[in-house]
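Participant: Here it is, the structure, as structure tokens.
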Amino acid sequence: MLVIILGIIGLLASSNLVSSSTSTRVGGHLPLTFDPPENELGYWCTYVESCRFCWDCEDGICTSRVWGNNSTSIVENDYVKYCEVSRWGNLCRYDVEEHIYHSMNCSDPKPWNPYKIARKEWKKNEHPRKDLKKDEF
């Protein structure tokens, strides 16, 4: 009986570490959250990049929290969505604000971005930061 219990514990423990193609390790269970751990942002934002927790937005302009100033800034619009993420074993799940769900195998993740058409890169000449208002886009 003890051998069976130890075997089950071993199986559960081994399923708690999964690797992503970003060479980041995420493991264990993550209860539903709007704010995933900082060390997991690279993982979560690689596969659904429109989640609000992936962006620092100020005055209508958003910069990536993962890639920072080395990435293109975007205009804050319908592309940036409130998302909750969770992980149970090897199942990673995104819950997007319109009650849209995306689930994937954590160790075999697939990018998902149905909002890509709404993404608008920020260009200084087109949208000066000081004049940009949310109702302009």
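Glycine residues also receive a Cβ, built from the backbone N, Cα and C atoms like all the rest.
Note that the coordinates shown come from a computational prediction; the quantities given were computed from them, not determined experimentally.
Residues or ranges marked as N-linked glycosylation site in Swiss-Prot: Asn69, Asn70, Asn105. The signal peptide annotation in Swiss-Prot covers 1-20, and the record cites sequence analysis as its basis.
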Participant: To the nearest Å, how far is the Cα of Asn70 (N-linked glycosylation site) from the Cα of Asn105 (N-linked glycosylation site)?
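Facilitator: Here the two Cα atoms lie 29 Å apart.
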Participant: For Asn105 (N-linked glycosylation site), what residues in its own chain, 6 or more apart in sequence, show a Cβ-Cβ distance under 8 Å?
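Facilitator: In sequence order, the residues whose Cβ lies under 8 Å from that of Asn105 (N-linked glycosylation site) (at least 6 apart) are Asn90, Leu91, Cys92.
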Participant: Excluding near sequence neighbours, so keeping only residues 6 or more apart in the same chain, what lies with its CB under 8 A of Asn69 (N-linked glycosylation site)?
Facilitator: Thr63
Participant: Tell me, how many other CB atoms lie within 10 A of the CB of Asn70 (N-linked glycosylation site), whichever protein chain they belong to?
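Facilitator: A count of 8.
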